[in-house]
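Trainee: Heads up, here are the entries from Swiss-Prot:
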- Gly11, Ala12, Ala13, Gly14, Gln15, Ile16, Gly17, Asn105, Gln112, Val129, Gly130, Asn131: NAD(+) binding site (BINDING)
- Arg92, Arg98, Asn131, Arg165: substrate binding site (BINDING)
- His190: active site, proton acceptor (ACT_SITE)
Amino acid sequence: MNAPVRVAVTGAAGQIGYSLLFRIASGEMLGQNQPVILQLLDLPQAQNAVKGVMMELEDCAFPLLAGMVATDDPNVAFKDADICLLVGARPRSKGMERADLLEANGAIFTVQGKAIAENAKEDVKVLVVGNPANTNAYIARKAAEKVGRTNPANYTAMLRLDHNRALSQLAAKTGKAVASIENMAVWGNHSPTMYADYRFATVNGESVKSMINDEAWNRDVFLPTVGKRGAAIIEARGLSSAASAANAAIDHIRDWVLGTNGKWVTMGIPSDGSYGIPEGVTYGFPVTCKDGKYEIVQGLEIDEFSRACMNKTLAELEEERQGVAHLLG
């Protein structure tokens, strides 16, 4: 058995946390030979609820669960953490302006980024799930950079939910098994502006674009369906997507840590300037993962429609970035 990995989870008492923690403890995220210690962060008023979740985790008698800590102090939660899942964020309440949402989350993620950089392992892997995920990841990274120690490239945002949503829509359209679809890409922000791009996707070497061969479906059905899926779930369920978000977080970390065997996945990462995306913007790119590192898939042709979509989602990210600039000093 390997030495335990410390996994910090924020918003541990929330809906996504509840769907996430049991799957981490069961070994779904890091494999069946990897014990974990869960370090659970939530607000002071949520500590009782966290204790209830911990009681349930105990009652599962997971062989891989080597320990648990509950706290409302980020410095304790992130102490020696190998992986940080930043799930907790301020949700948008009725009548709340986007600027207010950015402001509220800016404060949270500035504190957490600093605490991670001061307390976690130097090679810590950070995934921001809480929305607006790309900009929250950007804020955490910027706060962490002031401290140093940790690797800025390891502050990532979750676009895997958009990626998985796109795969399931393509599977339904083509009648192919979802697991057989490869080379899917999602570009940009985790928001309705994201660009799900199946121009390179294949099933057993056959082009998905050729199978579907319908630009109007792509533009008028596929992209809006994937982009607005979160809103459709809230409309139907009365609550935001929690289990599917938790599932995407598991996928994101598992692939990053254990590798993708050459398969493409989507991660929101600090741009290195690839595909004309300005350096430092947290942007969704197709990547492959190996030996605990990700690499952007290079050399893809960007046509006119794709460039327009990529620029639109970039413009939104730039606007969000300007909206939080004053918080970063």
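Glycine residues also receive a Cβ, built from the backbone N, Cα and C atoms like all the rest.
I'd like to know what surrounds each of these features in this structure.
Mentor: DSSP assigns Gly17 (NAD(+) binding site) to a helix in the three-state reduction. Counting only same-chain residues at least 6 apart in sequence, those with a Cβ under 8 Å from the Cβ of Gly17 (NAD(+) binding site) are Val9, Gly11, Leu40, Asp42, Val53, Val87, Gly88, Ala246.
Counting every protein chain shown, 21 other Cβ atoms lie within 10 Å of the Cβ of Asn131 (substrate binding site).
Of all Cβ atoms in the protein chains displayed, 30 besides its own lie within 10 Å of the Cβ of His190 (active site, proton acceptor).
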Trainee: Fewest other C-beta atoms within 10 angstroms of its own C-beta: which of the binding-site residues Gln15, Gln112 fits that?
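Mentor: With the binding-site residues Gln15, Gln112, fewest surrounding Cβ atoms within 10 Å: Gln15.
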Trainee: Given the binding-site residues Arg92, Arg98, Arg165, which one is most crowded in terms of C-beta atoms within 10 angstroms?
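Mentor: Checking each of Arg92, Arg98, Arg165, the winner is Arg165.
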Trainee: Of Ala13, Gln15, Gln112, His190, which is closest to Asn131 (substrate binding site) if I measure between C-alpha atoms? They're all recorded positions.
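Mentor: Checked the recorded positions Ala13, Gln15, Gln112, His190; minimum Cα distance to Asn131 (substrate binding site) goes to His190.
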Trainee: Would you kindly give the Cα-Cα distance separating Arg92 (substrate binding site) and Gly130 (NAD(+) binding site), rounded to the nearest Å?
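Mentor: One finds 11 Å between the Cα atoms of these residues.
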Trainee: Spatially, and counting Cα to Cα, which of the recorded positions is closest to Arg165 (substrate binding site)? Options: Ala13, Gln15, Gln112, His190.
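Mentor: When the Cα distances are compared, His190 comes out closest.
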Trainee: In sequence order, what residues of the same chain, 6+ apart, have a Cβ less than 8 Å from the Cβ of Ala13 (NAD(+) binding site)?
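Mentor: Those within reach of Ala13 (NAD(+) binding site), by Cβ under 8 Å and sequence separation of 6 or more, are Asp42, Ala46, Ala49, Val50, Gly52, Val53.
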